[in-house]
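The ATP binding site annotation in TrEMBL covers Arg11, Pro12, Thr13, Gly19, His20, Gly220, Glu221, Asp222, Val258, Lys265, Met266, Ser267, Lys268, Ser269. Feature annotation from TrEMBL assigns motif ''HIGH' region' to 12-20. Residues or ranges marked as L-tryptophan binding site in TrEMBL: Asp208. Under the heading motif ''KMSKS' region', TrEMBL lists 265-269.
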Amino acid sequence: MEERVIVSGMRPTGKLHLGHYFGVIRNWLKLQEEEGGKYIFIADWHALTTAYTQTQELKRNIEELMLDWISCGLNPDRNILFIQSQVKEHAELHLLFSMITPKSWLELNPTYKDLKYNLLKLGEIKEKFAHLAERTVKEIIQKLEIKIEAPKLLEEILKEYLAEGITKALFEGAIERELLKELNIDKKALYSVDTYGFLGYPVLQAADILIYKGNTVPVGEDQLPHVELTREIARRFNRLYGETFPEPEALLTETPKVVGIDGRKMSKSYNNAIYLSDTEEEVTQKVGKMVTDPQRIRKTDPGRPQICPVFTLHKLFTDKQTLKTIEEDCQKAQIGCVQCKQILAKNINTFLQPMRERRNYYASRSSELWDIFREGAKKARERAQETMEEVRQKMNIP
Ligand code: TRP
Ligand code: SF4
């Protein structure tokens, strides 16, 4: 059997929460105990496909992710941990892959189709706002006491500004997120991401994986189309230039849905997340604010743990025995929500404790973190260079 080579990455887009932990990190931690190559990297170039206007945040986000990873227990002795942009060979392979990837493959990618849809939608919304703004602007101009040379022109300009302003406020969160949801717009439309780089996102991902001849890609379900495209690119390359790359497979493991403190899926954009870097007090406070069974108003009302977000979280952090007791006591109104939440907060804090210790150590030693990732990049680069030599040779590039 061929050796398992694992490749996975994560974009540096802000601190990690419990959803990330149970979604991806936990799988990495399991896999790191096994033999075989494990290339785990911070996909900073991928982050730039959408956040290219916020490069001032990039370094901080990378550092935050390094700290999150190491705190979680990702072991640099068992994984090759590195930053994508420190292994420039990814870019070379991306370029060569871009020569052989039909545009239609990329245009059919769901992420890209969603984007196109959002951009259309955004255009429609702007038009709507412009329409609404028209009357207001006219009235304002009429009320002005100064004489205006070209009122029509001013009207046009103001209308445009106002529509722009409202749209921008909408996306920068100055206007309620709920409204965004109502309008069915994704945050991605915030950036103008109708770029070459964004279209090519999966090509870069294919290069990330294939440059290490990765055959196993532990990712979330949302990444399946990208892995499929990687397989197609590998197949095409092999057909054109001779057998070179494996056809990697996604490794999906059961990933429980982690609920946020409001009962919806845990997500930064919902503002409902418990972060791995939260302090004990923050965790206790957030859990204290969690929604419970809405029909349980008094402590004497029997509760329904099966629909209660607090109980759903308990399942991840509380031992089976206690879980059973809580379930029964809740149904019989023998435990209050306050006490139930206290137990949960305590258990989450116990779970986070070892992470906090590692975090404390590295938080003031960021140069050690950079060293770890630089060392990783060195090892990754060696392997990447081997593959690139083979690729150039097969493609007759001198
Ligand atoms: N696209 C992945 C994500 O958003 C990140 C990623 C980039 C990745 N390159 C990769 C994941 C290669 C696995 C393998 O989560
Ligand atoms: Fe939810 Fe716990 Fe209250 Fe029951 S006791 S409703 S499980 S918070």
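Cβ coordinates are placed from backbone N, Cα and C, and glycine is handled just like the others.
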Roughly how many Å separate the Cα of His20 (ATP binding site) from that of Asp208 (L-tryptophan binding site), to the nearest whole number? 21
Give me the Cα-Cα distance between Met266 (ATP binding site) and Asp208 (L-tryptophan binding site), rounded to a whole Å. 28
Do you know which of the binding-site residues Arg11, His20, Lys268 has the most other C-beta atoms within 10 angstroms of its C-beta? His20
Whole-number answer please: how many Å between the C-alpha atoms of Val258 (ATP binding site) and Asp208 (L-tryptophan binding site)? 28
Can you tell which of the binding-site residues (Val258, Met266) has the fewest other C-beta atoms within 10 angstroms of its C-beta? Val258
Taking just the CA atoms, what is the gap between Arg11 (ATP binding site) and Asp208 (L-tryptophan binding site) in Å? 13
In sequence order, what residues of the same chain, 6+ apart, have a Cβ less than 8 Å from the Cβ of Thr13 (ATP binding site)? Ala47, Ala51, Asn61
Over the motif ''HIGH' region' (12-20) the mean pLDDT stands at 95
